[in-house]
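Student: Got a structure here, written out as structure tokens. Questions coming.
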Amino acid sequence: MLSVNTIKNTLLAAVLVSVPATAQVSGNGHPNLIVTEQDVANIAASWESYDAYAEQLNADKTNLDAFMAEGVVVPMPKDAGGGYTHEQHKRNYKAIRNAGFLYQVTGDEKYLTFAKDLLLAYAKMYPSLGEHPNRKEQSPGRLFWQSLNEAVWLVYSIQGYDAIIDGLAAEEKQEIESGVFLPMAKFLSVESPETFNKIHNHGTWAVAAVGMTGYVLGNDELVEISLMGLDKTGKAGFMKQLDKLFSPDGYYTEGPYYQRYALMPFIWFAKAIETNEPERKIFEYRNNILLKAVYTTIDLSYAGYFFPINDALKDKGIDTVELVHALAIVYSITGDNTLLDIAQEQGRISLTGDGLKVAKAVGEGLTQPYNYRSILLGDGADGDQGALSIHRLGEGHNHMALVAKNTSQGMGHGHFDKLNWLLYDNGNEIVTDYGAARYLNVEAKYGGHYLAENNTWAKQTIAHNTLVVNEQSHFYGDVTTADLHHPEVLSFYSGEDYQLSSAKEANAYDGVEFVRSMLLVNVPSLEHPIVVDVLNVSADKASTFDLPLYFNGQIIDFSFKVKDNKNVMKMLGKRNGYQHLWLRNTAPVGDASERATWILDDRFYSYAFVTSTPSKKQNVLIAELGANDPNYNLRQQQVLIRRVEKAKQASFVSVLEPHGKYDGSLETTSGAYSNVKSVKHVSENGKDVVVVDLKDGSNVVVALSYNANSEQVHKVNAGEEAIEWKGFSSVVVRRK
């Protein structure tokens, strides 16, 4: 059994695995994919002994029995995602898989008959299908609007067929295989070469579908092209996807939402490979990359939900079916009892042999707390294309988590938000990211597609908590250019007193460079950690700099006086996302630090900030999302934007402090006022010092040299004193 340390240690030398040039499908009996003959025997003998497993199985059985009562319904394809025919075919493929499983475990032939009848109906219909009548613009399908859904149908349905194949007559097998499985495998592979060979989650689903079909049908050719690409050279296919789509830390370049989605084909196909060709040692490939990917997917969450960076729907979390199945497989391999903590939080069990092991271990009380770590997740196949930094302090669901997005673009699903950040605290998202503009499978909202506002708003830089120059998005909104560049990670540090991530972006705009350092600081006299943010920007030409902060909560007050637009609200701008923001208030600010305070649930948050710049034209803008949205596609959001005009240089410095407690039931409030008295910033010879003065007379001194030499001594004159430190950064708390 692989040790947990082996899996998590990203510095371990890669395990060299030789992959045979030609696949040799084993002669295993059926089922032989995700569930094996031995699994069936184990489940049948003991599933009622484990409450979690029995509850899940009985629930699935009840649901399937109700579905079966409706009869075999296989409509001709008509609707796009979210429409009736689309959803019915989705229900059908899940029913085929579940019926096959229940037939194996219970021996009740009604499940075999139902799965068989569904598959025979598809075998009769599929050969007559052309392109879907509501086909998607790219990679259209036949049964579904896009070929991606076709691949998902095959991944599920072939598992159901695997479970019933030994109970079918020869002519029934021939009809099903020649009518639907082989034609669909052909359509997804040789007839869709661009998608099949693509290093992308759509390609992963396609190769998994075709490869799993090959294992069940005993077709070496289907397995080999799935593993090595259509030309069998290894330049495409599953093995190349394992090489390219995950970083050495297990981070998927499109971000957590699509990492979650891609887990299913990766893990299920790998399980099928392990079952049929264990000599490949697929779960050890590339230094256990698939196991790391599952751990990383968990780490990319807070309070049960994934970080909504890039194209992401914010209601997706660790209870998603993809992670339920993946966790069971990884637990079976590692025996890591901290994964049981996640399994219990998921609230459901994978109905597989691996899921039985999870249920058994939970029932035996083996659960240990999962360790949500502060980690740096390198991006790109070699881990050298930027990184995602996750800093955590505290325990449980209410701990604080700071996310610094210093990653590569993330291909077509990426957003133009270099050096963006998010903050979580007290179980909530405090500094927020919009995610994607989409109502998945809600046909009334543009057929469930990504909305136009995904491009006009959600992907634009102004929709994020990062620097905007001259109201233009990063890379001027061009994804091809954006894919060529990534931030430079300058430093990552995780200590007891403070944590730090720092990165530089020099390509987002012509003639502009900006560096951002985010710190999570423990201050003994404060109840909660504080966030310190230092963003320096320099430009060749005088420019307008905007730095948004999207915050979640009800505004309490500002230290600055705002000018309200009483009679009319106007758009903040005309394009690049600005056209979707209503300008509510404006306020001129100067060189002294200012503050905004809001409340969320029972906790207050104060954002103290100061901007160092030669420009005398500084303003704070308060805006709301919703302009130019006639179809009400956009959620409400509020934003504080710090604007500097006609400047070549600016340093945006801020401190975010959680404080106090409000109890509406008891009608009590404590600590409603910020503990931060002022924020001061000094820059000298490319070094920064930030002094956070607290009301109790103490202060926090943050020093940044941007020099990685840990022995190099640095000095900055801050007022009447000289601040000295060694290395890239220093944080000192000085008591009164």
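The first residue you see is number 1, and the count goes up from there.
In case you wondered, yes, glycine gets a Cβ from its N, Cα and C as well.
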Student: Swiss-Prot has Asp433, His464 binding Zn(2+). Which one of His413, His415 is in the same site?
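Tutor: Looking at His413, His415, the one Swiss-Prot places in the Zn(2+) site next to Asp433, His464 is His415.
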Student: Please name the residue among the binding-site residues Arg260, His415 whose C-beta has the most neighbouring C-beta atoms within 10 angstroms.
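Tutor: Neighbour-count leader: His415.
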Student: For the recorded positions listed here (Ser147, Asn149, Asn201), tell me which residue's CB has the most neighbouring CB atoms inside 10 Å.
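Tutor: In terms of Cβ crowding, the pick is Ser147.
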Student: May I ask you to report the DSSP-based helix, strand or coil state of Glu667 (substrate binding site)?
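Tutor: Going by the DSSP assignment, Glu667 (substrate binding site) belongs to neither helix nor strand, so it counts as coil.
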Student: Who sits close to Lys136 (substrate binding site): which same-chain residues at least 6 apart have their Cβ under 8 Å from its Cβ?
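Tutor: Listed in sequence order, they are Ala80, Trp145, Gln146, His449.
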Student: Please work out which residue of His202, His464 has the most C-beta neighbours within 10 angstroms of its C-beta, and give that one of the binding-site residues.
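Tutor: That would be His464, with the highest Cβ count within 10 Å.
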Student: Check the Cα distances from Tyr258 (active site, proton donor) to each of the recorded positions Asn149, Asn201, His413, Glu667 and keep only the ones within 10 Å.
Tutor: Asn201, His413
Student: Ranking the binding-site residues Asp433, Glu667 by other Cβ atoms within 10 Å, which is at the bottom?
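Tutor: Across Asp433, Glu667, these binding-site residues, the one with fewest Cβ atoms within 10 Å is Glu667.
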Student: So what sits near His413 (active site, proton acceptor) in its own chain, CB-to-CB under 8 Å and at least six residues off in sequence?
Tutor: Glu254, Gly255, Tyr257, Tyr258, Asn310, Asp311
